[in-house]
Number of protein chains: 6
Amino acid sequence: MRPNNRALDQLRDVTFETGANAYAEGSCLVKFGGTHVLCTASIDEGIPRWLKGKGRGWVTAEYGMLPRSTHTRNSREAARGKQSGRTIEISRLIGRSLRAVIDLEKLGERQIIIDCDVMQADGGTRTASISGGWVALWLACEKLVEAGDLTENPVFAKMAAVSCGIVDGTCRLDLEYTEDSAAQADANFVLTDAGGIIEVQASAEDTPFSADEMAELTRLAVEGIRELCALQQAAVK
Amino acid sequence: MRPNNRALDQLRDVTFETGANAYAEGSCLVKFGGTHVLCTASIDEGIPRWLKGKGRGWVTAEYGMLPRSTHTRNSREAARGKQSGRTIEISRLIGRSLRAVIDLEKLGERQIIIDCDVMQADGGTRTASISGGWVALWLACEKLVEAGDLTENPVFAKMAAVSCGIVDGTCRLDLEYTEDSAAQADANFVLTDAGGIIEVQASAEDTPFSADEMAELTRLAVEGIRELCALQQAAVK
Amino acid sequence: MRPNNRALDQLRDVTFETGANAYAEGSCLVKFGGTHVLCTASIDEGIPRWLKGKGRGWVTAEYGMLPRSTHTRNSREAARGKQSGRTIEISRLIGRSLRAVIDLEKLGERQIIIDCDVMQADGGTRTASISGGWVALWLACEKLVEAGDLTENPVFAKMAAVSCGIVDGTCRLDLEYTEDSAAQADANFVLTDAGGIIEVQASAEDTPFSADEMAELTRLAVEGIRELCALQQAAVK
Amino acid sequence: MRPNNRALDQLRDVTFETGANAYAEGSCLVKFGGTHVLCTASIDEGIPRWLKGKGRGWVTAEYGMLPRSTHTRNSREAARGKQSGRTIEISRLIGRSLRAVIDLEKLGERQIIIDCDVMQADGGTRTASISGGWVALWLACEKLVEAGDLTENPVFAKMAAVSCGIVDGTCRLDLEYTEDSAAQADANFVLTDAGGIIEVQASAEDTPFSADEMAELTRLAVEGIRELCALQQAAVK
Amino acid sequence: MRPNNRALDQLRDVTFETGANAYAEGSCLVKFGGTHVLCTASIDEGIPRWLKGKGRGWVTAEYGMLPRSTHTRNSREAARGKQSGRTIEISRLIGRSLRAVIDLEKLGERQIIIDCDVMQADGGTRTASISGGWVALWLACEKLVEAGDLTENPVFAKMAAVSCGIVDGTCRLDLEYTEDSAAQADANFVLTDAGGIIEVQASAEDTPFSADEMAELTRLAVEGIRELCALQQAAVK
Amino acid sequence: MRPNNRALDQLRDVTFETGANAYAEGSCLVKFGGTHVLCTASIDEGIPRWLKGKGRGWVTAEYGMLPRSTHTRNSREAARGKQSGRTIEISRLIGRSLRAVIDLEKLGERQIIIDCDVMQADGGTRTASISGGWVALWLACEKLVEAGDLTENPVFAKMAAVSCGIVDGTCRLDLEYTEDSAAQADANFVLTDAGGIIEVQASAEDTPFSADEMAELTRLAVEGIRELCALQQAAVK
């Protein structure tokens with residue numbers, strides 16, 4: 001039995017609350033159950049130096065956890081003077097995923113920075129960040145369209161992310177923390193609403209798992225991401 | 001005329017929302033108008049090394065701003081690998097202010113860490129942090145009392161903080177950002193509900209100001225802080 | 001046509017040269033064509049603090065590139081004072097992969113550190129590092145067995161890693177640099193010789209790819225890794 | 001009784017020795033009793049990037065303590081690779097205070113850097129630094145006038161700083177170390193010779209203090225600073 | 001008796017293997033017995049900022065040790081985020097030594113970076129680095145001549161380096177690790193093939209040594225360096 | 001002609017002023033002409049971790065330059081967050097030199113830290129630091145003898161340091177800045193009063209120099225150091 005009697009292929013309660021920040025060009029407070037992430041998209045009319053004059057834009061992301069977003073407090077990365085390997089890895093994953101669904105030529109010579117700050121963590125913060133980040137990115141691009149800076153939104157695909165895993169021998173969608181910490185395998189999927197693969201990362205915890213199990217995890221993810229994309233679309237309308 | 005027709009001695013709309021974080025021993029989302037700060041208190045049953053075996057506890061604070069809490073995005077301190085001088089200065093101020101109203105012997109050999117993370121900034125973030133931090137600290141201590149770890153709450157005084165300043169030649173209570181950035185003088189007050197002084201920091205911007213003006217700023221602060229303390233008391237009941 | 005007329009499912013010339021370092025408890029210079037990585041395993045009779053007294057050992061890995069291992073020189077990370085996100089990500093991947101095939105209880109309270117230093121890079125340095133790292137780890141454990149510190153080698157599975165990708169619309173095994181930089185999708189597989197999944201990381205470059213393509217990449221990897229495991233076994237005999 | 005039978009409103013022996021460094025455009029070795037600070041003003045014909053082309057100059061300050069300026073040795077900040085929060089806070093205070101008495105437009109597009117290095121510390125190092133820094137700044141500006149780079153000295157007010165505090169229930173001027181470490185409240189005043197307020201920072205140590213006590217501390221500071229300004233004027237003549 | 005029955009004035013087996021790296025403009029794997037250093041020369045058509053427009057080039061060097069180049073593993077400097085004092089000191093020595101034998105005007109406005117990475121350390125890594133670095137530098141300059149970028153090789157002197165020391169009361173050439181760690185004095189010589197002095201660094205370990213002993217160490221070095229220069233010349237032909 | 005008509009073998013005016021700091025266990029303000037260095041010796045009854053329980057003490061040194069000790073201001077190392085390679089190299093040289101003349105067993109399990117802070121630099125700051133450091137170290141050890149913590153001063157040799165160099169073709173003792181910056185060769189000698197060698201570092205600037213020139217530089221150093229040792233002895237009496 002899963003916590004809260006969830007079915008194996010059932011998402012937690014998911015909400016995308018847009019306009020959660022008064023200043024950002026796009027923003028979204030995304031909740032997957034007890035996991036809450038504030039995503040903001042900031043348009044920067046500059047561009048990284050190595051892209052200057054190439055007629056293309058850039059999307060990058062930064063991920064962070066508030067010190068007390070977790071059950072016990074984690075030390076503040078700014079105070080330690082160093083981001084953890086995990087933070088850097090997740091920031092890179094979010095940025096790479098979002099860049100895969102935007103036409104950077106159409107975006108023009110500007111940069112959009114997606115900040116994903118975890119207010120509360122109950123498993124799946126990186127996939128929630130990508131899902132909420134897509135919303136913030138879409139909204140910021142809409143603002144450029146409304147302002148006449150772009151003729152159409154350069155985000156060309158609907159996309160979301162979700163984690164799946166094998167817990168107690170069963171494949172499950174959208175793990176929460178207690179499941180995540182007991183999983184035999186753990187996989188993060190970033191997919192389009194049509195099931196196109198953008199990024200897959202799967203890891204065995206103790207013992208290798210089989211290709212069949214991988215296929216079942218993928219099936220759960222495809223289904224879950226279709227639902228998530230529908231929720232995103234409702235939110236940005 | 002002040003923005004929103006506020007009177008010179010009028011606070012912005014202020015709310016203290018307790019329980020804003022599911023894990024922290026005490027938490028409070030404080031809002032002074034458009035300034036929103038999430039304050040959490042984390043009890044750590046350890047103690048800094050230099051306090052070991054002295055029979056006393058410690059309270060410390062860390063302040064941070066989300067990158068897009070401001071009108072334009074600020075770079076993330078964790079990514080830069082360094083906290084700004086301003087961040088360090090404010091963190092020290094919050095900690096010092098809170099330690100002035102708690103009996104560290106009564107707290108016993110444990111540490112309480114107050115995290116103040118600014119979600120949205122519209123002036124007065126440091127004074128909002130102190131005011132909300134007091135609530136989080138009080139609640140965390142109440143939890144220790146409820147658990148039987150302490151016999152009474154070691155916070156011995158009601159306390160809050162507010163900024164005042166001279167703008168367009170008038171002394172004003174609780175400056176918002178547009179006022180703050182145009183102020184001739186700027187003062188932060190940390191006072192007890194009875195007007196006892198815990199910390200005062202006043203700075204001239206361009207030109208020195210007079211002792212009479214300082215007295216008027218102090219009068220406004222005493223009044224405002226009495227109101228703030230009443231709101232805090234209502235929140236922690 | 002692939003460079004050097006390689007078939008789509010053909011590995012580059014791969015060699016595992018053991019004993020490449022006079023001091024390390026296990027060492028291996030692994031070459032995948034023009035990619036050369038020196039892997040050493042160092043046994044440390046200490047253990048990270050958080051593992052003390054738990055009766056288990058630990059395996060960790062550190063990855064680095066010599067400044068001129070690449071076509072143009074990269075700045076030295078030690079001189080910059082910071083490892084890149086890519087370096088940290090790869091180091092974590094190597095360590096996680098190797099820990100998945102060793103029984104840490106059997107290893108006992110000691111740590112083995114795998115250093116993977118890239119002498120020359122021509123694509124696939126992370127998968128070469130994992131493959132060579134397995135050899136170094138195995139040899140170091142053998143040394144512990146020979147010395148009577150362990151009764152049997154705690155590495156319980158044969159394992160290697162390889163990259164695959166989609167280039168010019170064709171799925172290919174073991175990409176070299178010119179292919180890697182032109183790939184539409186790029187996937188790294190860490191598998192046992194029996195095809196058990198330890199880690200899979202797949203990324204689309206410009207446009208999402210399909211589940212069928214993912215299946216073909218996986219098929220190539222399973223085949224290639226069977227060959228690599230055979231070469232490893234020959235080397236450690 | 002105060003140490004050395006000082007009266008409550010009596011400064012320690014204070015001297016301002018100009019020309020203490022052979023190279024600096026302005027310099028002053030200031031002594032408040034056992035507190036000795038070497039202040040140098042360096043004219044930099046550059047300007048921080050964010051001020052370029054605005055027709056204004058800048059004044060900034062850096063504070064440091066020699067490792068053995070204190071009773072027991074403090075570790076060297078350059079060796080630790082980090083300035084303490086206290087150091088940063090004091091550097092900012094000195095710079096802000098000096099900028100409040102100089103006309104940056106008149107200074108023109110150049111920067112003056114004030115270095116305040118504490119040779120020996122016996123309480124009140126930050127206020128001694130501001131007082132000595134004013135002398136160094138004034139002298140450097142005089143040099144610009146003599147060289148014909150400026151038509152008049154852009155420093156428009158006489159200014160000094162002093163600490164006051166409540167010790168054993170009495171308000172005292174210019175605390176030395178033994179008093180400072182026993183103070184119930186501690187206040188730093190930066191004032192013009194006419195008593196105009198530039199900066200006030202007051203902190204309670206254990207228990208809040210009253211507005212009346214604050215008034216008495218201010219009175220002592222106004223008096224002391226009038227004396228200090230006279231000594232500065234004698235020194236720069 | 002020396003290890004391996006070496007005579008007091010006898011070098012270890014020394015080899016210079018050119019072309020050890022496929023990408024570098026010049027490269028050399030130098031071996032002094034068990035000490036192996038990979039030296040690469042990278043031509044950078046940029047120049048440090050402070051040399052721009054002066055019509056001169058620059059040569060700089062960076063030294064590093066692989067973590068397991070030593071008997072027991074040393075922590076990785078890139079991971080620690082800091083180069084050790086020893087590493088910085090040796091890097092500076094290599095660069096200074098090489099700059100002393102090249103005509104920087106003739107080199108033109110370009111920079112050559114010499115990377116010396118120690119694969120295995122058995123004493124004398126810094127002198128091996130300088131000796132191998134000379135070869136890499138020479139070869140990179142030859143490449144510039146071949147490409148028509150320079151009309152003649154700007155390296156104007158043959159040069160090598162060697163360590164000598166006093167062990168068990170005898171002066172010895174080319175110390176290996178077991179000798180080095182027992183030496184009463186230790187000297188590093190960087191000389192031209194004709195015995196011209198470029199750099200000498202001599203240190204007493206426990207007790208001062210005499211000018212006569214210094215003379216004997218110098219005599220050994222002059223002899224040894226003549227041999228080393230001959231080996232270098234054979235390698236670069 | 002040398003500046004100020006100095007003879008080739010003539011020191012600048014040298015003074016050792018003891019007791020220059022009120023708190024340090026030993027202190028000395030050393031002046032070599034316009035080069036002024038404040039040297040303090042701090043006794044620390046702790047010991048570095050790796051020396052614990054070995055019955056031996058330690059001497060270490062830290063060197064620093066005040067930002068405006070030089071003709072133009074250098075940025076503050078504490079603010080940059082990093083000591084320069086030059087600073088680290090000189091700190092190591094001072095420590096190594098002083099350790100060569102003290103019996104660390106006799107010192108017992110305590111550490112003496114020598115801080116050498118350059119107030120004003122006119123060439124030869126590292127050799128002035130060693131010479132003044134010897135005085136501070138001797139005085140701190142005397143204090144241990146007076147306090148009965150040691151039975152005799154563990155510093156067993158008189159020692160000083162001086163720089164020599166070849167300028168305009170002539171060998172000269174004790175270079176000042178204008179000479180130093182024009183030198184063809186530059187050598188630093190750390191010798192006992194009897195001419196025993198502790199450390200020699202000699203560098204050619206543009207072109208190699210001969211063994212005969214090295215001999216003449218050494219002769220000048222031996223003579224100069226005999227004089228310096230006499231001045232030190234007078235100072236510590």
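Even glycines carry a Cβ here, placed using N, Cα and C.
Keep in mind that this is a model prediction, so the values were computed, not measured.
Among the candidates F:ARG86, F:ARG99, F:ARG110, the one that TrEMBL lists alongside F:GLY124, F:THR125, F:ARG126 as binding phosphate is F:ARG86. Among the binding-site residues F:ARG86, F:GLY124, F:THR125, F:ARG126, none has a Cβ under 8 Å from a Cβ of chain D. The residues near the phosphate site, meaning same-chain residues not in F:ARG86, F:GLY124, F:THR125, F:ARG126 whose C-beta sits within 8 angstroms of the mean position of the site's C-beta atoms, are F:TYR63, F:ILE90, F:VAL118, F:ALA121, F:GLY123, F:THR127, F:ALA128, F:SER129, F:SER163, in sequence order. Non-local neighbourhood of F:THR125 (phosphate binding site): F:THR35, F:VAL37, F:TYR63, F:MET65, F:ILE90, F:VAL118, each in the same chain, at least six residues away, with C-beta under 8 Å from its C-beta. In terms of DSSP helix, strand and coil, the domain 'Exoribonuclease phosphorolytic' (F:10-139) has 41 helix, 41 strand, 48 coil. Taking every pair among F:ARG86, F:GLY124, F:THR125, F:ARG126, the residues recorded as binding phosphate, the greatest CA to CA distance is 13 Å. Of the listed binding-site residues, namely F:ARG86, F:ARG126, the sparsest CB environment within 10 A is found at F:ARG86. For the domain 'Exoribonuclease phosphorolytic' (F:160-223), the model gives a mean pLDDT of 95. In the domain 'Exoribonuclease phosphorolytic' (F:160-223), the DSSP tally of helix, strand and coil residues is 17 helix, 29 strand, 18 coil.
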